[in-house]
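As given in Swiss-Prot:
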type     : residues                                                                       : note
REGION   : 1-324                                                                          : region 'Kae1'
BINDING  : His107, His111, Tyr128, Asp285                                                 : Fe cation binding site
BINDING  : Tyr128, Val129, Ser130, Gly131, Gly132, Asp160, Gly173, Glu177, Asn257         : L-threonylcarbamoyladenylate binding site
DOMAIN   : 330-527                                                                        : domain 'Protein kinase'
BINDING  : Arg333, Asp334, Ala335, Gly336, Ala337, Glu338, Ser339, Arg340, Ile341, Lys354 : ATP binding site
ACT_SITE : Asp445                                                                         : active site, proton acceptor
Amino acid sequence: MIVLGLEGTAHTISCGILDENSIMANVSSMYKPKTGGIHPTQAAAHHVDKVSEVIAKAIEIAGIKPSDIDLVAFSMGPGLGPSLRVTSTAARTLAVTLKRPIIGVNHPLGHIEIGKRLSGAQDPVMLYVSGGNTQVIAHLNGRYRVLGETLDIGIGNMIDKFARYAGIPFPGGPEIEKLAKDGRKLLTLPYSVKGMDTSFSGILTSALEYLKKGEPVEDISFSIQETAFSMLVEVLERALYVSGKDEVLMAGGVALNNRLREMVSEMGREVDATTYMTDKNYCMDNGAMIAQAGLLMYKSGIRMNIEDTSINPRYRIDEVDAPWVIEKNVKYRDAGAESRIVNTDFYGRSAVKKIRIAKGYRLKELDERIRGERMKNEFTVIRRMRDAGICVPIVYDYDPFEKTLTLSQIQGELLRDVIRARPNVMGNVGHDVAVMHKNKISHGDLTVNNIIVSDRICFIDASMGKVNAELEDLAVDVYTLEDSINSLSENGKTLMKEFKMSYRANFPQANDVLNIVEDIRRRHRYV
């Protein structure tokens, strides 16, 4: 089956042609603004000028006639509206002219599926990093789920914005990578990981301040990469444990960065996960990836009429069924993204020793700082939670030099393992989170892997929590929990309804927090 795919969500218009056996052609034309970032109307004008040319060239390279095409696929979203409209119009015109079926493709889905095809990955956790997108994605329950993403700007846009202020033209990423190789001094930048999500606006603000103060651009570039990439790899590792996968795949324009590739590969070696890299020729937006996703969708029985092909600039990957994926499920025992757990004895009491292990992918200086800060913070948050009557482990010993905590054992099952069989437990979770929040305590990583269900609801691994939390911090807790539940259960809305009823009943400011949760979702410009 020969599929023609058209990509045009942002700065690139591209046509790819492939079948089940080979990629026959992939032709692209990229809009490069003379100054500043992407101007949507100018990008669309570029696509209008080039779309016929790239289609004709791709057909020529493929050595086929237009009538040989069996299916037309195009990027339906997410992306810039003007660019999407040009692409969809061209695809519809082609499909109608050739009297062939048409199918609209989710842009991130294309990145995943071309990466899998070229690398041999079967069921990976994907780190999708580009100008507008920063997401950690895995297939669970019939769909790809977004396990973590940016809460503000995409990492590629952050790098490009810094580059513009530093006088580097678009795209700035490759030049920042070159400059970073000559950097020697690690400047302190915000390390903003919130559960499974990240935030890069603080890094940009601090980096620009360093630029104004006259710090060498090489050192700033070096510090941006080391800090931002460490955040990404940390969340990626956490996603492996949450999803039960043992493969990692990288895609998107930022995935071309050799330092990021090196860090992801090192993390994979540390946790015994297989790391796959999308061929660099296909990391950037391209038509072949749209053709590949369209091929899989069509062969799985998915069909669209012309009237179903309206563009969707906010089209999320978790809205798309992906029945062709065969899921894996790996059990990681006594391990997490932050630490290793060892059963021990503390003066006759059953205990666990939580060892915050060094991360080889992080610079030693940064790693020492992060591990030390988080262990100290976990000790503080646990103590405050116990004072508030919340079930948490007892801290028997705190060793800041060895970076270990010795804690009491909590018997029970993880929420992720019981949530389907015992959905009514969510009311109890809502009650205890309300108590936590009423005492101005946030957990910081409130996922289904950090809640234990026994005769009580108990919380573990609060190393990213706060003891004088703002409403925004409390909202991130609820947002993180909701996302982790939705990623694992098709009944997420029902489960969260039980949670929210109890949360509202036991926390006077619950509605304020839940309104901020919705605001966080609206702030997700990059989907």
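Backbone N, Cα and C atoms are what each Cβ position is placed from, and that goes for glycine too.
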What average pLDDT is reported by the model for the domain 'Protein kinase' (330-527)? 91
Nearest of the binding-site residues (His111, Tyr128, Ser130, Asn257) to Ser339 (ATP binding site) - Cα to Cα: Tyr128
Tell me whether Ser339 (ATP binding site) sits in a helix, a strand or coil according to DSSP. coil
Using a 10 Å radius around its CB, how many other CB atoms surround Gly132 (L-threonylcarbamoyladenylate binding site)? 23
Cβ density check for Asp445 (active site, proton acceptor), other Cβ within 10 Å (all protein chains) comes to 27
Counting only residues outside His107, His111, Tyr128, Asp285 in the same chain, those with C-beta within 8 angstroms of the Fe cation site's C-beta centroid are Thr9, Pro108, Gly110, Ser130, Asn133, Ala251, Gly252, Met289
Between His107 (Fe cation binding site) and the residue listed as 'active site, proton acceptor', what C-alpha distance do you get in Å? 29
Mapped onto three states, the DSSP assignment of Asp445 (active site, proton acceptor) reads coil
In sequence order, which residues at least six apart in the same chain have a CB under 8 Å from the CB of Asp285 (Fe cation binding site)? Glu7, Thr9, Ala10, His11, Thr12, Ser14, Ser28, His107, Ser130, Gly253
Greatest Cα separation in angstrom, residues Tyr128, Val129, Ser130, Gly131, Gly132, Asp160, Gly173, Glu177, Asn257 binding L-threonylcarbamoyladenylate per the record, works out to 18
Around the Cβ of Tyr128 (Fe cation binding site), other Cβ atoms within 10 Å, all chains included, total 26
Count the Cβ atoms, other than its own, that fall within 10 Å of the Cβ of Ile341 (ATP binding site), considering every protein chain shown. 17
